[in-house]
Amino acid sequence: MVKLKKSLFLVLFLGLVSLSICEEEKREEENEEVQEDDDQSEEKRGFLDIVKHVGKAAGKAALNAVTEMVNQGEQ
């Protein structure tokens, strides 16, 4: 009976350790995926900021060109 209890405790302990290790690896993988998603969204935001600034600069340049043409036409 004592051998059976020891064997049962050993099996339960090893199973618990194995489960704990699997859960830890799963959490690490999820954290890596979240971090990769964050990095990708930061890259997208950076790209969109650049496009926005280029668009503003192009719009200002076009507005200045039109304004100059109108001013030259009035003279």
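Glycine is no exception: its Cβ is also placed from the backbone N, Cα and C atoms.
Annotation source Swiss-Prot lists compositional bias 'Acidic residues' at 30-41. The annotation glutamine amide is assigned in Swiss-Prot to GLN72. What Swiss-Prot lists as region 'Disordered' is 25-44. Swiss-Prot lists 1-22 with the feature signal peptide, giving sequence analysis as the kind of evidence.
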| Against which stretches of its own chain does the region 'Disordered' (25-44) lie, if we need a Cβ under 8 Å and a gap of at least six residues from its ends? | none
| said: Quick check on the compositional bias 'Acidic residues' (30-41): DSSP residue counts for helix, strand, coil, in that order please. | reply: 12 helix, 0 strand, 0 coil
| With every protein chain in view, how many other Cβ atoms are within 10 Å of the Cβ of the residue listed as 'glutamine amide'? | 8
